[in-house]
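The structure appears right after this line, and notes come after that.
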Amino acid sequence: MEQPHIPAGLPEDVENKKEAARAWFETLRDKICAALEGLEDELSGPHSSYAPGRFEQTPWLRQEGAGGGGVMSIMHGRVFEKVGVHTSTVHGEFSPEFRRQIPGAEEDPRFWASGISVIAHPQNPHVPTVHMNTRMVVTTRQWFGGGADLTPMLNRRRSQEDPDAIAFHKAMRFVCERHAAVADYEKFKNWCEEYFFLPHRNEPRGIGGIFYDWLKSPEENGGWDADFAFTQDVGRAFVMVYQHIVRKNFNTNWTEADREEQLIRRGRYVEFNLLYDRGTIFGLKTGGNVNSILSSLPPVVKWP
């Protein structure tokens, strides 16, 4: 997707807006962690004899605290083999390489960014892997970005007609249509399909969702407040629909063949994240927390 022109300049109360965004991402983190721990408690099928998982939170600092930091939340449980829910608020200067790629950074390399990232790798092959992130970025310009996408592990579930895919797309469509002044569902859906694609495999990573970036709407459409409200609702919709999908599937029995297929599909996930994912590259090249960034990788993987 071609990068749009983002008008220069920041609102007078940009510091208040930064604080509101940071506070929301941390509130959403707590909501998601509580929801996923609740699913750990609810399990009654395979692996229910194991203890339910709980998140372990690890604060980290960038540049010894001079560049901000974040909190890495990781859980290894009986529903989720590995799940990370991470928040960060960082600031600093872009490298010369990045200045040419980031809107507003060529005029002034200083930046501020806050966001949340979620990646869940379930134990049960019938439960799809999911990813969600939302963020606010400030240079000499300001914008929001983010999205959510679903990756079924079993080929027989990798269909747009599968009930999980239908539910996920319905939730993402609903949130976009609720904020139609700033969110274009078809555009964001197509952007997701275009972004989460493995060219070397000539296949999509999953069944899609939505993806958006460089969102800065004009005042007549609601401006910052409308963009922020949409970004908040993306997070809320994600929590709602993923809980529903997990509950529908997590008590289903699986076979060794299902597990084998899951591990091979996870390999595709690793390939995408290390070769193509902009967030991974951005984090590693701006002094982010390496463990947090690479926690998106699944704990066990196979390549045939």
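Cβ coordinates are placed from backbone N, Cα and C, and glycine is handled just like the others.
Per Swiss-Prot, the feature substrate binding site maps to S117, N133, T134, R135, G287, G288, N289. Taken from Swiss-Prot, the feature divalent metal cation binding site applies to H121, H131, H169, H200. For H131, the entry in Swiss-Prot reads active site, proton donor, with the evidence type sequence analysis. Under the heading site 'Important for dimerization', Swiss-Prot lists H200, citing sequence analysis as support. Among the features that Swiss-Prot reports, region 'Important for dimerization' is placed at 269-304.
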Residue with minimal Cβ packing [other Cβ atoms within 10 Å] among the binding-site residues H131, R135, H200: H200
Winner by Cβ contact number (other Cβ atoms within 10 Å) across the binding-site residues G287, G288: G288
Collapsed DSSP category at S117 (substrate binding site): strand
Distance [Cα-Cα, Å, rounded] between N133 (substrate binding site) and H121 (divalent metal cation binding site): 15
Nearest of the binding-site residues (H121, H131, H169, H200) to G288 (substrate binding site), judged by Cα-Cα distance: H131
For H121 (divalent metal cation binding site), the number of other Cβ atoms found within 10 Å of its own Cβ: 24
Euclidean distance between Cα atoms of N289 (substrate binding site) and H200 (divalent metal cation binding site), Å: 28
Euclidean distance between Cα atoms of S117 (substrate binding site) and H169 (divalent metal cation binding site), Å: 19
Within the region 'Important for dimerization' (269-304), residues counted as helix, strand or coil by DSSP: 20 helix, 0 strand, 16 coil
